[in-house]
Amino acid sequence: MKALCDRFVPQQCSSSSKSDTHDKSPLVSDSGPSDNKSKFTLWSNVFTSSSSVSQPYRESSTSGHKQVCTTRNGWTAFVKRVSMASGAIRRFQERVLGPNRTGLPSTTSDVWLLGVCYKISADENSGETDTGTVLAALQLDFSSKILMTYRKGFEPFRDTTYTSDVNWGCMIRSSQMLFAQALLFHRLGRAWTKKSELPEQEYLETLEPFGDSEPSAFSIHNLIIAGASYGLAAGSWVGPYAICRAWESLACKKRKQTDSKNQTLPMAVHIVSGSEDGERGGAPILCIEDATKSCLEFSKGQSEWTPIILLVPLVLGLDSVNPRYIPSLVATFTFPQSVGILGGKPGASTYIVGVQEDKGFYLDPHEVQQVVTVNKETPDVDTSSYHCNVLRYVPLESLDPSLALGFYCRDKDDFDDFCLRALKLAEESNGAPLFTVTQTHTAINQSNYGFADDDSEDEREDDWQML
């Protein structure tokens with residue numbers, strides 16, 4: 001069945017060209033007193049991108065008319081077209097995602113990026129060299145995250161004429177980013193960053209299955225096929241719950257086709273939901289017994305524990321995220337197991353990879369790029385379209401309440417550490433946990449019975465809708 005969260009979103013999402021990505025973007029937000037801007041001139045040169053400009057997506061023209069303008073007039077016309085296109089795209093993005101906020105919203109608060117803390121300080125006593133080192137490390141880390149965007153020019157989907165996912169594929173692309181990041185963590189570790197020289201084979205092997213064709217294991221084509229029973233279809237937007245289930249189905253299919261030692265996705269996929277198939281209200285429950293079962297199924301009974309990715313689809317309110325959940329959302333990025341959040345504005349999904357205070361830093365899939373074929377046999381392939389240098393942020397309170405958390409646990413010790421952190425987070429949530437943790441289904445049933453006459457439980461669940 002479809003999640004309740006999916007009813008909040010329209011059927012299409014929006015697109016933009018790459019020109020927005022290639023604008024200069026200061027690390028510090030433009031808002032704030034002017035003396036702060038002059039004081040921290042170092043920050044203005046970080047997170048800038050190349051100066052190339054690309055046009056917004058459109059079908060190629062079949063016209064064969066020759067150019068008749070002079071070089072000067074041709075350049076003038078080109079500048080006018082770029083200016084008009086950039087302005088239209090900027091206004092369009094502001095309507096969908098809100099004002100284009102770039103850089104760092106604060107010069108003093110720590111930044112958390114998928115479990116790693118960057119201590120940003122603007123104190124008089126802090127040296128500029130130290131600040132510059134931190135900013136450079138943050139820039140390198142962010143720009144090393146995998147970006148998946150709209151693509152054009154791939155083979156049509158089955159029984160359709162779609163050769164691009166423009167205007168509807170953003171949630172699928174966001175989910176591809178999350179899984180690609182989990183694979184990078186698995187193969188190369190959290191400390192890995194993109195090198196300027198030829199890429200590592202493990203890096204290329206990570207990108208290869210996300211190609212835009214059916215032979216690619218995690219392509220948009222195969223996700224749509226795997227998620228058909230959850231409403232995935234070419235041309236239609238999809239919500240967080242449905243895409244999580246699509247990944248679960250795709251992982252199960254690939255597991256059955258391949259032996260455990262040669263899995264394209266070398267980890268179990270486990271979705272955290274409510275007890276008794278969601279019949280009880282309240283926060284979703286991570287049952288350790290069920291997670292262990294997922295690992296056993298993935299290894300086909302050969303191992304009691306394997307790497308695992310946990311997906312937690314949530315609905316944190318009605319029209320917007322209830323503010324009482326925001327501190328917990330922020331805290332999840334301090335977990336070393338965090339692989340981010342699938343979320344954004346209604347009908348416009350993004351991949352949130354970090355936070356500063358109550359702002360979320362995200363990678364935006366709403367850019368249209370040509371299909372690129374990446375594999376380990378072509379180490380010199382240009383993979384720049386899979387990365388972004390522009391740090392964008394969105395207030396967490398403005399997110400659509402339908403979202404999904406992601407966590408990757410490398411082994412049993414890592415999973416145990418995650419459970420301890422999750423339990424502590426639930427205890428400190430003031431009665432509004434994102435999700436809870438229990439050992440067995442017996443404990444869940446006892447909890448259900450114990451809460452039967454508890455008025456505070458009803459109050460705690462007012463904003464919850466189970467998936």
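Keep in mind that glycine also has a Cβ here, set from the backbone N, Cα and C atoms.
Since this is a predicted model, take the numbers as computed values, not measurements.
Per Swiss-Prot, the features are:
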type     : residues : note
ACT_SITE : Cys170   : active site, nucleophile
ACT_SITE : Asp364   : active site
ACT_SITE : His366   : active site
COMPBIAS : 452-467  : compositional bias 'Acidic residues'
REGION   : 1-35     : region 'Disordered'
REGION   : 448-467  : region 'Disordered'
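On a Cα basis, Cys170 (active site, nucleophile) lies 8 Å away from Asp364 (active site). With respect to their backbone Cα atoms, Cys170 (active site, nucleophile) and His366 (active site) stand 7 Å from each other.
With a 10 A radius on its CB, His366 (active site) counts 26 other CB atoms from all the protein chains.
Taking the active-site residues Cys170, Asp364 in turn, the residue surrounded by the fewest other Cβ atoms inside 10 Å of its Cβ turns out to be Asp364.
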